[in-house]
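Trainee: Take a look at the following structure, please.
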Amino acid sequence: MAQVMDFKVADLSLAEAGRHQIRLAEYEMPGLMQLRKEFADEQPLKGARIAGSIHMTVQTAVLIETLTALGAEVRWASCNIFSTQDEAAAAIVVGSGTVEEPAGVPVFAWKGESLEEYWWCINQIFSWGDELPNMILDDGGDATMAVIRGREYEQAGLVPPAEANDSDEYIAFLGMLREVLAAEPGKWGKIAEAVKGVTEETTTGVHRLYHFAEEGVLPFPAMNVNDAVTKSKFDNKYGTRHSLIDGINRATDMLMGGKNVLVCGYGDVGKGCAEAFDGQGARVKVTEADPINALQALMDGYSVVTVDEAIEDADIVITATGNKDIISFEQMLKMKDHALLGNIGHFDNEIDMHSLLHRDDVTRTTIKPQVDEFTFSTGRSIIVLSEGRLLNLGNATGHPSFVMSNSFADQTIAQIELFQNEGQYENEVYRLPKVLDEKVARIHVEALGGQLTELTKEQAEYIGVDVAGPFKPEHYRY
């Protein structure tokens, strides 16, 4: 166990309110609740010490308590400075104890962290006293990056200085590593050796994992949870379809019907965005670099354009690419007066927030938390949500519980798979086995009252599958 019950959250007095919300979410998260029942006696995560970094929401609270119910010890931070629901964080810290004597899980997260505080929190999930974490559960790859780059700079004996074009966040990251190197030399190398595996939640984090693997610096096996079908085709699309509109409504009360909307990117998240706006009666255009995705958008009835072509007429612009430099400062200058700009990709670098926040000829007016008006020297202004970070979590509470039950059941199963099968996986990136993906889907089909058709032995043999599945080959595209 960690030496002390340490934590840092906004307000422990919010714990009771958080507990009520967690109980409600449990009814909408059948995947996690089923896993608790199935593995209660087996305790497959007994001995696991999980460093967790996922948005500290009510749904994540159900995930955390599922991991601990299966035997794990956990320390937790959020993966975004704005996404924490403070009542959920408080409830997890208090656990079965009281506000005066909390007895839950150490959480280091609160809504509205500074960048320096954010990286301090990430460091805390790796600080286990006399022990070391042996599993990582990540969203966006920041926790994994801390271990890999931290070890690299330890070996070099120096954390490099920030460069002129480095983001404020990366500068804060280097500052954290510099402090740790001075105070705890060798920390990251020890952690890299102790960790049995990492499970990664998002597209952005998965890209980082593949990059680390190509570099030859991935020190442990990684499970790509994002590309599990029950994650990418449900969380990314259906979750976004719900939470994007929720975020915009809470932020602005803007009517979307009849508005010109530009969605940048038509992957699974972009598809959810376009469908959401279409359902509200907006006129949707899409930007896309991939010709296959672009063709899908056209066949779905959307115009495919470039940013430069469509930015001047757009009332709402949403980035959903997982890439960087999608909306430049020059393009923002061309936007309609009081047009809305937001991002639903993992990081804030899809929009040139650096220019908005640091240029002398731009004036910032905070309308309310995570809603800012930026006025240009021309007199025109735009409304930016969550400082260019995930608006569905900064301006709302993220995806609904049921869809997160899919994703977090995948995470739990992936943690069990890597933890129990040490030595069977190389230091590479793996997909969640199809049989486990189908298991998660089956639980949720039953929860929604669906009735699955059972193949006869002859039918199964005819298409070359087992009667119980898996029903599709790994390469099948759903």
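From the backbone N, Cα and C atoms, a Cβ is placed for every residue, glycine too.
Annotations for this protein, taken from Swiss-Prot, read as follows:
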type: BINDING; residues: Thr57, Asp139, Glu201, Lys231, Asp235; note: substrate binding site
type: BINDING; residues: 202-204, Asn236, 265-270, Glu288, Asn323, 344-346, Asn392; note: NAD(+) binding site
Trainee: If you count the C-beta atoms lying within 10 Å of each candidate's C-beta, which of the binding-site residues Thr57, Thr202, Thr204 ends up with the smallest number?
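Mentor: Sparsest of the binding-site residues Thr57, Thr202, Thr204 by Cβ contacts within 10 Å: Thr204.
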Trainee: Which one is it: of the binding-site residues Thr57, Asp139, Asp235, whose Cα lies the shortest distance from the Cα of Thr202 (NAD(+) binding site)?
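Mentor: It is Asp139, whose Cα lies nearest.
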Trainee: Restricting the comparison to the binding-site residues Thr204, Gly265, Gly267, Glu288, His346, which residue's C-alpha is spatially nearest the C-alpha of Thr57 (substrate binding site)?
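Mentor: For Thr57 (substrate binding site), the spatially nearest of the binding-site residues is His346.
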Trainee: Hey, for the substrate site built from Thr57, Asp139, Glu201, Lys231, Asp235, who else sits with CB inside 8 A of the CB center?
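Mentor: Sorted by sequence, the hits are Ile54, His55, Thr202, Val225, Asn226, His399, Met404, Ser407, Phe408, Gln411.
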Trainee: List every residue in the same chain as Gly267 (NAD(+) binding site), at least 6 positions away in sequence, whose Cβ is under 8 Å from its Cβ.
Mentor: Thr203, Asn236, Asn293, Ala320, Thr321, Gly322
Trainee: Could you give the Cα-Cα distance between Val269 (NAD(+) binding site) and Asp235 (substrate binding site), in whole Å?
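Mentor: Just about 9 Å between their Cα atoms.
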Trainee: Restricting to the same chain and to sequence separations of six or more, state which residues have a Cβ under 8 Å from that of Glu288 (NAD(+) binding site).
Mentor: Gly265, Tyr266, Gly270, Ala294, Ala297, Val304
Trainee: Under DSSP, is Val269 (NAD(+) binding site) part of a helix or a strand, or is it coil?
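Mentor: Going by the DSSP assignment, Val269 (NAD(+) binding site) falls within a helical segment, counted as helix.
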Trainee: Pop the Cα-Cα gap between Glu201 (substrate binding site) and His346 (NAD(+) binding site) into the table, whole Å please.
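Mentor: Cα to Cα, His346 (NAD(+) binding site) and Glu201 (substrate binding site) are separated by 11 Å.
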Trainee: Hey, how far is Asp139 (substrate binding site) from Thr204 (NAD(+) binding site), Cα to Cα, in Å?
Mentor: 8
Trainee: Across the record's substrate-binding residues Thr57, Asp139, Glu201, Lys231, Asp235, the largest CA-CA distance in angstrom?
Mentor: 17
Trainee: In DSSP terms, helix, strand or coil for Thr204 (NAD(+) binding site)?
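Mentor: In three-state terms, Thr204 (NAD(+) binding site) counts as helix.
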Trainee: Could you state the whole-number distance in Å separating the C-alpha atoms of Thr204 (NAD(+) binding site) and Asp235 (substrate binding site)?
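Mentor: Spelling it out, the Cα of Thr204 (NAD(+) binding site) and the Cα of Asp235 (substrate binding site) are 14 Å apart.
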Trainee: As a test of the contact definition, list every same-chain residue at least 6 positions from Glu201 (substrate binding site) whose Cβ is closer than 8 Å to its Cβ.
Mentor: Ile54, Leu137, Asp138, Asp139, Gly140, Val225, Asn226, Lys231, Ser407, Gln411
Trainee: Lys231, His346: which of these binding-site residues has the highest Cβ count within 10 Å of its own Cβ?
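Mentor: Of the binding-site residues Lys231, His346, the most buried by Cβ count within 10 Å is Lys231.
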Trainee: Can you give me the same-chain residues 6 or more apart in sequence from Asp235 (substrate binding site) with a CB-CB distance under 8 Å?
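Mentor: Correct list: His399, Val403, Met404, Asn406, Ser407.
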